[in-house]
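For 837-853, the entry in TrEMBL reads compositional bias 'Polar residues'. Feature annotation from TrEMBL assigns compositional bias 'Basic and acidic residues' to 855-865. Positions annotated as compositional bias 'Low complexity' by TrEMBL: 900-909, 931-942. The disulfide bond annotation in TrEMBL covers Cys103-Cys130. Taken from TrEMBL, the feature domain 'G-protein coupled receptors family 3 profile' covers 569-847. The region 'Disordered' annotation in TrEMBL covers 837-865, 883-964. Residues or ranges marked as transmembrane segment by TrEMBL: 562-587, 599-618, 638-658, 679-702, 739-760, 780-799, 805-825.
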Amino acid sequence: LSGCAIIRPPRDGGIRYRGLTQEQVGVQILPVDYEIEYICRGSRVIVGPKVRKCLSNGTWTEMDHHSRCLLLCPRVWTSLENGRVTVLPPGPPAEGTVLHYSCHAGFLLEGRNISHCTKLGNWDSPKPLCVCDSQAGISLYIGALFPMSGGWPGGQACLPAAQMALDLVNNRSDILPDYELELIYYDSMCDPGEATKLLYDLLYTEPIKIVLMPGCSSVSTLVAEAARMWNLIVFSYGSSSPALSNRQRFPTFFRTHPSATLHNPTRVRLFQKWKWTKIATIQQTTEVFTSTLDDLEQRVKEAGIEISVRQSFLTDPAVAVKNLKRQDARIIVGLFYETEARKVFCEVYKEKLFGKKYVWFLIGWYADNWFKIKDPAINCTVEQMTEAVEGHVTTEIVMLNPETVRGASNLTSQEFLAQLMSRLGGKNPEETGGFQEAPLAYDAVWALALALNKTVAPLRGKGRRLEDFNYNNKDITSEIYRALNTSSFEGVSGHVVFDAQGSRMAWTLIEQLQGGSYKKIGYYDSTKGNLSWYGNDKWIGAGPPADQTVVIEEFRFLSQKLFVSVSVFAGMGILLGIVCLTFNIYNSNVRYIQNSQPYLNNITAVGCVLALAAVFPLGIDGHHVHRSQFPVVCQFRLWLLGLGFSLAYGSMFTKIWWVHTVYTKKDEKKEKRKHLEPWKLYATVGVLLAIDVLSLMIWQIVDPLHITVEKFTKEAPKADLDVLIQPLLEHCSSEKMNTWLGVVYGYKGLLLLLGIFLAYETKSISTEKINDHRAVGMAIYNVAVLCMITAPVTMILSSQQDASFAFASLAIVFSVYITLVVLFVPKMRRLITRGEWQSEQQDTLKTGSSTNNNDEEKSRQLERENRELQKIIQEKEERVTELRNQLAERQALRSRRHTSSQNQNQNHSAPPPPSSQAEPPGYSPGTEQHSLPPSFSNSSNLYQGEGKLSRNHCHNSRLPLLYK
């Protein structure tokens, strides 16, 4: 069951169980939120927590504070006529209570000035008396507010220190010899509301106070803002708020406690020493920390340091710490009170925001064991807290002079501590509030005494005296102000001097937590900018961590194996192109080569070589050339590929365009255009080339190519290093790259589509003028398909250098290889296998005919013979028609002559045989035969019967007989 085990009562005391019956008292576990109350026997009283409450973690509240039943000492010792009594610690005068006695001005103390309450309930010395001193000087009263309790009970040590200083000052004959400084003080409890009431009492009750001495920052802010209405100097010993440095708001304020912003120059100096340019901050939302952080932000900005993350919290720091982790904060400045520091570092442990990658900067005025104190507000163990805070750095104002020197009070810092410990009755300094600030209170009294002493002569010259001060007198206040503003002396806290805002200028102590204890690693003098470094700083890693994850920029380069492999193929292709070009030029007089338009083929070969040459700059990147030379490589890529495509594809497109234009027109237009003029072909290629050159020139003049760097997602290396790899990739680009590519791809795409269409339309055409147009069409198919696939794919793969290069370069290589093989290899094969290496003139001399071995010549001969045959057939058809007409006339004439004769009717019943008919005049069988060409005689068997002429494409007429 959840709850708390019953604890033992204090000695000479018992426990009152609230809400339990007599039978229930015997239980061993009490429920959560249950409260017990300590009671003491007889006249003893409880010192320490009187009531404890059961917490959910099974512990009781305030277990780090012991409760004791002690006897009270007589209270009559706590008051002194004509004097003052300081009770330490505040509260009832039980065992361990120490009383400090002092007399008002004009009185002397007879007896001991200190008394201790023993465990028997008695004081260890008689009560002293204050007797009149006939030689006492004029009293000057200081109104003080010492926080003996509350959030910062600094008065517990600061009040005895101030009284020590007053006693020494009043005993010095060289300081204010005619005056006695008197201290009238109250307990402000570090509460502005309580301080308001006490300030009213100080101002409106006699005697008049010449100076006010408040303690903590919140009280000092209230007092300093109101004091100027009474022309009062305010001198604080324990206020660190940066807001108090505002001279317009607090014109009469001074302090021996340096401003919290004094930590900031030290922090900035350490940031510079360790070469940090990026920090983060986390603060508790209070005025003192907010103003401190504002000052730090201004200082780091001037030093060129960036605050990348700024987090704040009110009571729960969990979300703020998670944000620090999420935003990769490394160098973190924490501004919060000690109780909140434990909460922060418990969350730091949970988020793993500690170790060799992180450095925390904290305020140095926490207790040395602050992280080991058990706190019910957190759920982390002491071991976890110790691990989380290891290695952090603190900056602390030097409040005790580290050097052994005697200052204005003729005491060294160590002698001062010894006397202070005596006044505190040997009480543990760690349990005494304000022990660290006690030297500041001591020096505050000395600074005030020396300043008042400095004003005596100037005031006397004006006919004034310090005792003439009242709340309407500005002259005396001005003299005190000038004296304080020029103060400079050695105190037990170090050299005392004030800046223009009235704040103390002091050294800063730098410490680091090493192995669970703080070690001094240096001092910083902000007035001179001097850093005294011991060199004993230790780090969990090899040295001070980086202020952020180190990002190493690493360029992605093309695989050299891939580049070399593709370059070999491209080089072989260039060699093949040169071979094809040489072959075509050498055999340009061969009829078969002439009929393929060799000059266009030469242009195609040159374009292929240029396109293959573009493969080399495509593979050149930052691995081969300096970044400043990369734009030149970009130009080579663009121009070589653009001109190569224009020449190679443009020449093929021109061929297929001409074939389509000539052979898909009507017959009469086709006959007119069959005579090929080569200059028109070259002009077409020139126009296509000029369009590309002009567009590329406009592109490079208006929006030239330059290098751009693409960044990829950061990658973590395999090793356990505090670095990230930032991959980078270089690209050739321009401001409106997409627009230019859209124009070029659109124009080229239309040209490719038109080439495919023309190749398809002319696939069945045969022409002697361009005998390789079918091969050109096949090459156009391949080039178009490869280009249309490659263009979008390379744009998609632009971020993958190897894949993009491989796809683009191999597409160029394959298209060029296919083009060269399809266009030139068949010609080479034909000339080699058939031996057609001679020109047309040589063929004529050797064979007597230029067409014996030429299919085109045979085709032309057959066409001529066919035309001659068609003419002959047409003539024969006309002759047959004429003969039929004559036969019809003769038949009609014979009919009229034999109408009356029966024999003639019998003879008329059967048609006369064709052989008995008379021959038409002028008919000669042999004549026609000799007029026909020899080839026609071989076709005589086609004209042997009726209906046979239709198969010879002569006419649809049906003839009974065809004479040769």
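Every residue gets a Cβ built from N, Cα and C, even glycine.
TrEMBL does not curate its annotations; it predicts them automatically.
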With Cβ-Cβ distances below 8 Å as the criterion, list the same-chain residues six or more beyond the ends of the transmembrane segment (805-825) that contact it, or say none.
558, 562-563, 566, 569-570, 573, 576-577, 580, 583-584, 601, 604-605, 608, 611-612, 614-615, 618-619, 641, 648, 652, 772, 775-776, 778-779, 782-783, 786-787, 789-790, 793-794, 797
Cβ-based isolation winner (fewest other Cβ atoms within 10 Å) among the disulfide-bonded residues Cys103, Cys130:
Cys130
Short question: which residues 6 or more past the ends of the transmembrane segment (562-587) have a Cβ under 8 Å from it?
593, 598, 601-602, 605-606, 608-609, 612-613, 615-616, 619, 802, 805-806, 809-810, 812-813, 816-817, 820, 823-824, 827-828, 831, 837
Outside the transmembrane segment (679-702), six or more residues from its ends: residues with CB under 8 Å to it:
597, 599-600, 603, 635, 638-639, 642-643, 645-647, 650-651, 653-655, 657-658, 734, 740, 743-744, 747, 751
Please indicate, using numbers and ranges, the residues of the same chain that are 6 or more beyond the transmembrane segment (780-799) and have a C-beta under 8 Å from a C-beta there.
648-649, 652-653, 656, 710, 712, 729, 731, 741, 745, 748-749, 752-753, 755-756, 758-759, 807-808, 811, 814-815, 818-819, 822
Looking only at the domain 'G-protein coupled receptors family 3 profile' (569-847), what is the mean pLDDT?
78
